[in-house]
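Take a look at this one; I'll ask things after.
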2 protein chains.
Amino acid sequence: MGRVPPMTTRDTIRVSEIFGPTIQGEGALIGQPTVFVRTGGCDYRCSWCDSLHAVDSEYRDTWKAMPPEDILAEIEKLTGGKPIMVTLSGGNPATQPLDRLIEQGKAKGYSFAMETQGSVVKPWFADLQMLVLSPKPPSSGMGTDWRVVANCVRTAKAAPTVLKIVVFDEADYAFAREASERFRELPIYLQPGNHTPPPPEDDSATVDQEGIDERMRWLVDKVVEDKWYGARVLPQLHVMLWGNKRGV
Amino acid sequence: MGRVPPMTTRDTIRVSEIFGPTIQGEGALIGQPTVFVRTGGCDYRCSWCDSLHAVDSEYRDTWKAMPPEDILAEIEKLTGGKPIMVTLSGGNPATQPLDRLIEQGKAKGYSFAMETQGSVVKPWFADLQMLVLSPKPPSSGMGTDWRVVANCVRTAKAAPTVLKIVVFDEADYAFAREASERFRELPIYLQPGNHTPPPPEDDSATVDQEGIDERMRWLVDKVVEDKWYGARVLPQLHVMLWGNKRGV
């Protein structure tokens, strides 16, 4: 390999897509206007992944290596230069060197929320406006190392941190209960899974919204039945409004 | 009028319905398990009211005068005695003497959120976990006295206070902008109106969810277009999941 400027190797971020402003469709910040920066690459392969185009290395050629300055310039273009909350998503954005993007964005008034499964820890978690930890339940086919999740929580320090668990079935629900028991101090959001995620190359694929709604109602019943009054149950609002369509 | 025990006259609350636990379907606490206490009677008559059965005095004979002790007993029955967030709704719950209910409930670990248009001020606003002020936009046919709304905000003191504005059209949207300008310190939630509210005697009436969703998408576009990145746009989740059905 030839010599490359150190800054480029250290700071270049793999980006799958940047889009918005639209509203955050999920979790604690639901309904909040935001720009999404979706990074490429993931250490997980969830069976029901709804963002395979940002996960599977088969789509690597659609990802772009970008320095933080260029990403921020793109965000500013989208927002007309008016500061907004930026959502860092993926893939697993924790695998990317996002520290300088966050630092530069904050200097211009932007704030950053990030969603990650909690499998990779980075010191800059502490600079986020919100860290959403989303350990993956059994239906994903993935396993969770709770010590790493706990390390994410510790590393986030004063940054508001919440749990978000996708729930497809009873086993996933039990997993959510366990997560909540392990991190009693964290607010928890439950989200009914989408069993009709888009194939990576077809974001016009039909969503079984009625099936998802049915799961949502089941989840509300579960929470009520178990008197789990501290949990919040929220759907994927963007799927309700726009189906599997990307960029909204 | 004969002599009655002072406590009864001062504290009796007119209740239209008590139901739950279910999730809060709207606004800042969306997705949160809660029991609803819907009081009877309102100083407003919004053209698109979705709770006329708790507003129109024609339905007065379905309301029950209850002392706070009885309401709390009913709440405890519904929750199995496990503390929950109680949502005080109406009608206009600010017209009712809710101070002792809140006091007694808090002593048992319950918390109370309330939604009101901001036309009536009560000192016990300060005891709420959340005060949702929902001034009614032009499409309602009602007018807003902003001095009274400001007095609600002042009286709530440290109680978290937010604005929620129902939006049907451009004039309503302009009203929401005005509300936000007047109370820059308050978080604001915008909610697309339901143009197919249930007639008071038929909660199985069909909802035009596609029409409401269309309004929601329009509202997201408006907020983005105006770079109003501080506003949050949220639907009525319970209507999406259960239509006009009551008690959910």
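For all residues, glycine too, the Cβ spot is worked out from N, Cα and C.
OK, TrEMBL features for this one:
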type	residues	note
BINDING	B:Ile23, B:Gln24, B:Gly25, B:Arg38, B:Ser89	substrate binding site
BINDING	B:Cys42, B:Cys46, B:Cys49	[4Fe-4S] cluster binding site
BINDING	B:Trp48, B:Cys49, B:Asp50, B:Gly91, B:Ser134, B:Pro135, B:Lys136	S-adenosyl-L-methionine binding site
BINDING	B:Ser51	Mg(2+) binding site
DOMAIN	B:29-244	domain 'Radical SAM core'
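Describe the structural context of these features.
Within the same chain, residues at least six positions away from B:Gly25 (substrate binding site) with a Cβ under 8 Å of its Cβ are B:Gln236, B:Leu237, B:His238, B:Val239, B:Leu241.
Within the same chain, residues at least six positions away from B:Cys42 ([4Fe-4S] cluster binding site) with a Cβ under 8 Å of its Cβ are B:Cys49, B:Ala54, B:Val55, B:Gly90, B:Gly91, B:Asn92, B:Thr95. DSSP assigns B:Cys42 ([4Fe-4S] cluster binding site) to coil, not to a helix or a strand.
Following the DSSP three-state reduction, the secondary structure of B:Gly91 (S-adenosyl-L-methionine binding site) is coil.
Under the three-state DSSP scheme, B:Ser51 (Mg(2+) binding site) falls in the coil class.
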Any same-chain residues 6+ apart from B:Lys136 (S-adenosyl-L-methionine binding site) with CB under 8 Å of its CB? Would you list them in sequence order, or say none?
B:Tyr44, B:Cys46, B:Gln117, B:Met142, B:Thr144, B:Val166
Which are the residues of the chain, B:Ile23, B:Gln24, B:Gly25, B:Arg38, B:Ser89 excluded, whose CB is within 8 A of where the CB atoms of the substrate site average out, their centroid?
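Output for this site, in sequence order: B:Gly20, B:Thr22, B:Glu26, B:Thr34, B:Phe36, B:Thr87, B:His238.
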Ten-angstrom check, please: count other Cβ atoms within 10 Å of the Cβ of B:Ile23 (substrate binding site), all chains counted.
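I get 25 for this one.
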Report the largest Cα to Cα distance, in Å and rounded to a whole number, among the residues B:Ile23, B:Gln24, B:Gly25, B:Arg38, B:Ser89 that the record lists as binding substrate.
15
Please report the three-state DSSP label of B:Ile23 (substrate binding site).
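Reduced to three states, the DSSP call for B:Ile23 (substrate binding site) is strand.
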